[in-house]
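As written in TrEMBL, here are the features:
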TRANSMEM  70-88  transmembrane segment
TRANSMEM  100-120  transmembrane segment
TRANSMEM  163-183  transmembrane segment
TRANSMEM  204-221  transmembrane segment
TRANSMEM  227-247  transmembrane segment
TRANSMEM  263-283  transmembrane segment
TRANSMEM  289-306  transmembrane segment
Amino acid sequence: AAAAAVTCPPVPAAVDIQPACLGLYCGRTVLSVNGSLETYGECGVCPRGQRTDDNKICRECVGSPDRYDWLYLGFMAMLPLVLHWFFIEWYSGKKSSSALFQHVTALLECSVAALVTLLVSDPVGSLHIRSCKVKKLSDWYTMLYNPSPDYITTVHCTHEAVYPLYTIVFIYYAFCLVLMMLLRPCLVKKLACGLGKSDRFKSIYAALYFFPVLTVLQAVGGGLLYYAFPYIILVLSLVTLAVYMSASEVESFKDLLVRKKRLVVLFSHWLLHAYGIISISKLDKLEQNLPLLALVPIPTLFYLLTAKYTEPSRILAESGNGH
């Protein structure tokens with residue numbers, strides 16, 4: 001009888017097995033590339049402008065910000081401008097004629113700061129920026145995910161996984177502050193003649209306070225703001241509009257038309273409200289999302305139609321008649 005043929009399994013080739021790269025954001029940098037063969041370094045922090053892929057390899061960010069990312073950056077750029085306008089209006093006084101010039105100057109400062117920030121970002125000299133895609137909330141807080149393999153030694157892998165959405169805001173705030181200190185004092189000194197010497201620079205002093213607050217807000221809550229800013233815009237635009245109309249004693253459409261300033265404030269709130277709606281919908285489906293913009297004036301209409309029923313003097317009068 002013929003002997004049965006016996007087959008042996010092939011001997012596997014030697015494989016260079018590297019120790020596992022621990023941590024959610026630790027990766028290996030690419031040291032050299034020879035054709036399709038890549039040589040990697042030790043597991044650690046990825047260089048700026050790179051983040052780890054699914055294989056724990058640091059890859060360069062080559063994408064572009066999507067529409068939602070640009071809307072987020074627009075929101076962070078609007079914050080100092082809105083605060084500038086608020087404090088300029090707060091401290092300018094009714095008799096001062098310099099408020100308009102200060103408003104325009106603040107707009108110029110923030111616009112130039114945004115333009116310069118884009119130009120100095122990678123790629124330098126272009127209004128386009130390269131970025132990494134935001135995948136989850138933890139991408140904003142990589143410092144919280146440094147591994148401790150032996151529970152004693154911590155491997156520091158903190159890097160900007162959402163490059164450059166985190167640091168570009170700080171750069172923008174720095175340019176805003178520098179431009180304000182260069183332009184605003186000279187303008188206020190020459191044009192704010194209707195204000196006392198102690199009141200002329202109060203809007204600038206206010207900016208010196210709120211810029212550190214905005215910086216801390218971005219440092220601590222940047223990831224939370226990224227996901228929540230559309231709803232923050234909607235709530236704040238509704239609340240501030242109601243407060244302004246109540247403080248200005250606006251109870252009818254005629255009251256709005258009496259002063260042009262009220263119309264400017266109203267349209268500014270409408271723009272913010274529309275910005276919030278666009279940020280929520282992202283305009284992925286234009287035929288479904290654009291009709292939502294028709295909801296923008298509804299809160300104002302509701303306020304004007306119900307203001308006469310909620311006037312404090314009328315409520316007190318009716319309660320007195322009831323007793």
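Placement of Cβ uses the backbone N, Cα and C atoms for every residue, glycine included.
What you see is a predicted model, and the numbers here were worked out from it, not measured in a lab.
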Interface present between the transmembrane segment (289-306) and the transmembrane segment (204-221) (three or more C-beta pairs under 8 A): no
Segment proximity, the transmembrane segment (227-247) to the transmembrane segment (289-306), 3 or more C-beta pairs under 8 Å: yes
Contact set, same chain, for the transmembrane segment (70-88): CB under 8 Å, 6 or more residues outside the stretch: 99, 102-103, 106-107, 109-110, 114, 165, 168-169, 172-173, 176, 180, 202-203, 206-207, 210-211, 214, 218, 225-226, 229-230, 233, 275, 278-279, 282
Positions on the same chain near the transmembrane segment (163-183), where near means CB under 8 A and six or more residues out: 48-51, 61, 65, 69, 72-73, 76-77, 80, 84, 105-106, 108-110, 112-114, 116-117, 120-122, 129, 131-132, 134, 140, 204, 207, 211, 214-215, 218-219, 222, 226
